[in-house]
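According to TrEMBL, the transmembrane segment annotation covers 26-50, 62-83, 103-122, 134-160, 200-223, 244-262, 274-293. Positions annotated as domain 'G-protein coupled receptors family 1 profile' by TrEMBL: 42-291.
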Amino acid sequence: KMFISSNHTINKFVLLGLAESPDVQLLLFGVFLLIYVFTLLGNIGMMTLVRTNPHLHNTPMYFFLHHLSFTDACYSTVIMPNMLVSFISRNKDISFTGCVAQLYSFVFFGIVECYLLAIVAYDRYVAVCSPLRYVVLLPRTVCVWLVSTSYLLGFLYAAIYTGCTFGGPFCNSNVINHFFCDIGPLLKLSCSDRFLREKVIFAFVSLNGISTSGIILISYLYILSAVLRMRSVQSRSKAFNTCASHLMVISLFYGTGFFMYLQPSTTHNGLDKVAAVFYTLVTPLLNPIIYSLRNREVKEALMRHMK
């Protein structure tokens, strides 16, 4: 479906991207290509390791990390290939249908990511605070139900966000001041009154963000409390470092995400692109490193697999 503006039909958009200078674009192409390659290697490697190792495959934590890696790989792939092509081809156009599909896919995997991060935090809480009941509290059926619910919520919320964003005609300009089709920059192009649509998006972003970040925060507060009660200084230090690493990545993801989506579209500025780079491209790169490669079991499984 095309939306009619005052004098023409918009059948494509133009993404301004991150830079206009050809030299800068070539440099950015090299940087983001490396980020994308390492993101895919880290996340696909983690998925492969979990699938091929029976012990990891049957452990709730790695079942969740497998889906988190899948989500990260898809989340990055929704944006990165199109951006890389625009750097070297100088073609910044994206079709109307392609823009809708990109926004829907981006929101879908972003919502799933939020809920999976909350599930992983809860998993760590159970493992640290109730280790003897770990298998009882997280049997396979519960794990599958939690992950399935995450995908279902992602599907529903992505439909709501995409419907609100494209729920009205666009003005004469089809130029998006961003490097992908995102909610804020698209709403800026809307001709009709977008107040109600912005309020609906704000409400659901708040609901998702506060509920998932609340679960994460409470889980880690209990974890830190348990860590501080440990008698072994070495165990306490190791557990504290792991928690700090997890919280650093989560804070980066949620902090930049809240900055983008909990403000009106009229107040968005140049910092939006910087914030978007962190929560769309950097977080999927760091997640497999922080959650997986710092883990002793994963390192041992990787060494066995390489041998």
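Here the Cβ of each residue, glycine as well, is placed from N, Cα and C on the backbone.
By the Cβ criterion (under 8 Å, sequence separation of 6 or more), the transmembrane segment (274-293) is not in contact with the transmembrane segment (134-160), since fewer than 3 such pairs are found. Outside the transmembrane segment (134-160), and at least 6 residues removed from its termini, the chain residues within Cβ reach (under 8 Å) are 58, 60, 63-64, 67, 104-105, 107-112, 115-116, 119, 123, 126-127, 200-201, 204, 208.
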